[in-house]
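J.: I am attaching a structure below and will ask some questions about it afterwards.
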C-alpha cells in the first residue's frame with residue numbers, strides 16, 4: 001500500500017531544445033510545441049483527478065512556465081510554489097549555446113555522449129569570455145550563491161550533489177507530512193531524484209531518458225521507497241516517442 005504519491009514533470013521542449021543546443025543554465029523559454037506538451041501534461045493530471053498541496057521548481061523559466069501551465073490546466077494556480085537554483089538543469093559550461101549535432105560532428109559522437117551522459121566527467125568550463133558568461137554568472141538571481149556554489153560547469157554527479165540536499169531538507173519533510181508534491185524541473189536534476197529514489201547505479205542513470213512534458217508518478221512507501229516502477233501519465237505511443245526523441249539528441253545529423 002502506497003503511503004505517498006510524488007509527481008515529477010520535466011519541462012516541455014524549449015526554444016534551445018528545438019534548435020538542438022546545449023541549454024544548461026541559459027534561461028531559454030518554452031517553444032510553442034513545449035507549451036503544448038506542458039498543456040497536455042496538465043490535462044493528463046486533470047483527467048486523472050490529481051490534486052497537490054505544494055510545488056517545487058527551478059529558477060529557470062522553461063520549468064516555471066511548465067509548472068504554471070500544468071497548474072492552470074488543473075485549476076490549482078493558487079498553490080504555493082518554491083523555486084530554487086538547486087533544481088536547475090545541469091550547467092553545460094563551455095558547451096552552452098552550441099548545437100549538439102555540430103558539436104558531435106566536431107568532437108565525435110562518443111565525446112559528446114561522454115559529456116552528456118557520463119556520470120562524473122564535466123564538460124569544459126564556461127570561461128569569462130564565453131558569449132553567455134555574463135548572462136548566466138552575473139545574473140542577479142544567483143547573487144546569493146557563494147563562489148563554491150556557482151558552477152562554471154557540472155557533471156551529472158555535480159548536479160545531483162547540489163540537488164539532493166534540497167530534496168532531503170526541503171521536499172522530503174513535506175512528503176512525510178502528507179503533502180501532495182509536484183516537482184517541475186529538468187532532465188538532469190530530475191535524474192538525481194530518480195537515481196536516489198530507485199537506488200540506480202551510475203551506469204543505469206546515464207541511460208535513463210526522461211520524456212518532456214509527461215507527468216511521472218511514483219507511489220512510495222513510508223520510507224520513500226517506490227513500491228512499483230515509475231508510471232507515466234499519457235498514452236503509450238506519446239511516452240515512447242518522447243523517450244526516443246530525448247535519446248536521439250546527441251547524434252550527428254546523417
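Glycine is no exception: its Cβ is also placed from the backbone N, Cα and C atoms.
Below, the features straight out of Swiss-Prot:
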ACT_SITE  11  active site, tele-phosphohistidine intermediate
ACT_SITE  89  active site, proton donor/acceptor
BINDING   10-17, 23-24, 62, 89-92, 100, 116-117, 187-188  substrate binding site
MOD_RES   14  phosphoserine
MOD_RES   23  phosphoserine
MOD_RES   26  phosphotyrosine
MOD_RES   31  phosphoserine
MOD_RES   106  N6-acetyllysine
MOD_RES   118  phosphoserine
MOD_RES   251  N6-acetyllysine
MOD_RES   251  N6-succinyllysine
MOD_RES   253  N6-acetyllysine
MOD_RES   254  N6-acetyllysine
SITE      186  site 'Transition state stabilizer'
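Neighbours and distances for these, please.
T.: Proximity of residue 11 (active site, tele-phosphohistidine intermediate) to non-local residues of its own chain (separation of 6 or more, Cβ distance below 8 Å) is seen for 30, 34, 38, 60, 62, 63, 65, 66, 184, 185, 186, 212, 213, given in sequence order.
Long-range Cβ contacts of residue 89 (active site, proton donor/acceptor) within its own chain (separation 6+, distance under 8 Å): 23, 24, 25, 58, 60, 159, 186, 187, 188, 189.
Taken residue by residue with DSSP, residue 100 (substrate binding site) is part of a helix.
All protein chains included, residue 14 (phosphoserine) registers 27 other Cβ atoms within 10 Å of its own Cβ. In the three-state DSSP reading, residue 14 (phosphoserine) counts as strand.
Residue 23 (phosphoserine) is surrounded by 23 other CB atoms, counting those within 10 A of its CB over all protein chains shown.
Classification of residue 26 (phosphotyrosine) by DSSP places it in coil, neither helical nor stranded. If you take the C-beta of residue 26 (phosphotyrosine) and look for same-chain residues 6 or more apart in sequence within under 8 angstroms, you find 16, 96, 97, 132, 135, 136.
There are 18 other Cβ atoms within 10 Å of the Cβ belonging to residue 31 (phosphoserine).
Residue 106 (N6-acetyllysine) carries a helical DSSP state (H, G or I). Long-range Cβ proximity for residue 106 (N6-acetyllysine), meaning a same-chain Cβ under 8 A and a gap of 6 or more residues, is found for none.
Reduced to three states, the DSSP call for residue 118 (phosphoserine) is coil. Other C-beta atoms found within 10 angstroms of the C-beta of residue 118 (phosphoserine) number 16, with every protein chain shown included.
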J.: Which one, from the recorded positions 10, 90, 100, 186, has the smallest tally of other C-beta atoms lying within 10 Å of its C-beta?
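T.: Checked 10, 90, 100, 186; of these recorded positions, fewest Cβ neighbours within 10 Å: 100.
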J.: What are the sequence-distant neighbours of residue 13 (substrate binding site), meaning same chain, six or more residues apart, C-beta distance under 8 angstroms?
T.: 30, 31, 33, 34, 37, 212, 213
J.: Between the Cα atoms of residue 118 (phosphoserine) and residue 10 (substrate binding site), find the distance and write it as a whole number of Å.
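T.: Cα-Cα distance, residue 118 (phosphoserine) to residue 10 (substrate binding site): 20 Å.
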J.: Select one residue from 24, 187: among these binding-site residues, choose the one with the most other Cβ atoms within 10 Å of its Cβ.
T.: 24
